[in-house]
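Okay, so here's the structure we're looking at.
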């Protein structure tokens, strides 16, 4: 099972290095590399895993004794693909939101399907955002800005059973579901507008 941890942060900003760590979950090797690169460019610490099961092991939510432990790493955000074999991103989302110790951690769903029904389902279950693949650099930067503004909690995979966290619910991450070039930015398309209205 693959687990890759990349510590990549802005050396001029020690707060960035200490606070912003993303756990990215995707069964596609190519998609993992894409999201990892975008997160690195945006000065995030990055840990990538290939399945929902591995994500739960990392977070300490599984019941197996062989759970992976990563010292001194906190998780500020989880980004997961929706469609994965075994455990889907939606199922992973539900497990996290049903956890008394991890429910406050922001979870972003990534999907290649621009389905209003799927978007609504994820947001109702507690997802902070729904990004349409391929994810853009501008999407990741907006997520980073939102985390910094909201004061998202640091989740310690080792101490999850001992600590609880609070997140300012008045500051939600922006919804971005466009599917243009990774580094381009453009006004909302009609499809985006429909999906955003569905969230409201």
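Just so it is clear, glycine is given a Cβ too, placed from its N, Cα and C backbone atoms.
Features as listed in TrEMBL:
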type     : residues : note
DOMAIN   : 21-148   : domain 'Response regulatory'
MOD_RES  : 81       : 4-aspartylphosphate
REGION   : 176-200  : region 'Disordered'
COMPBIAS : 182-194  : compositional bias 'Polar residues'
How does the domain 'Response regulatory' (21-148) divide up by DSSP, counting helix, then strand, then coil residues?
52 helix, 25 strand, 51 coil
Overall pLDDT for the domain 'Response regulatory' (21-148), taken as the rounded mean:
91
